[in-house]
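K.L.:
Just dropping this structure here.
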Amino acid sequence: MPKNKGKGGKNRKRGKNEADDDKRELVFKEDGQEYAQVLRMLGNGRCEATCIDGTKRLCHIRGKMHKKVWIAAGDIVLVGLRDYQDDKADVILKYMPDEARLLKAYGELPETTRLNEGIAGGLVEEDDAAGDDYIEFEDEDIDKI
């Protein structure tokens with residue numbers, strides 16, 4: 001069997017961190033681009049997103065972002081519109097949660113847009129509702145058992 005002469009395999013790729021977690025300049029939309037919110041992931045590098053102009057489009061995640069920048073439902077993304085297909089678009093950039101809040105503050109996103117800032121708010125409400133499921137027994141009930 002030949003010896004591997006490359007610089008590494010899967011583990012080397014896994015070690016690279018090309019997602020820019022540090023502060024980056026906020027990118028605004030240009031001509032032929034639109035802000036969108038991801039509705040659901042479809043697999044095969046595709047997702048369904050609702051653009052700010054109200055159109056639901058099938059979006060393709062570009063190769064530079066594929067398997068490096070993880071996109072989930074509810075994320076705000078910048079899509080490039082196609083001249084020849086109005087119902088399809090290409091995901092150019094994913095906005096971090098703090099960048100999406102800034103876009104909303106600057107008026108780029110409408111006020112009706114709901115940003116997924118975290119699941120913690122939903123968990124607190126579920127914990128309160130879970131407290132109502134307990135059954136209180138009195139001493140008389142326990143004695144009967």
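Quick reminder: no glycine exception, Cβ is built from N, Cα and C everywhere.
Predicted automatically and left uncurated, TrEMBL annotations should be read as such.
TrEMBL feature annotations, pasted as is:
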type	residues	note
COMPBIAS	1-15	compositional bias 'Basic residues'
COMPBIAS	16-25	compositional bias 'Basic and acidic residues'
DOMAIN	22-96	domain 'S1-like'
REGION	1-25	region 'Disordered'
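Help me picture these features in the structure, burial and contacts included.
P.N.:
On the 0 to 100 pLDDT scale, the domain 'S1-like' (22-96) averages 92 in the predicted structure.
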K.L.:
For the domain 'S1-like' (22-96), jot down how many residues DSSP puts in helix, in strand and in coil.
P.N.:
0 helix, 36 strand, 39 coil
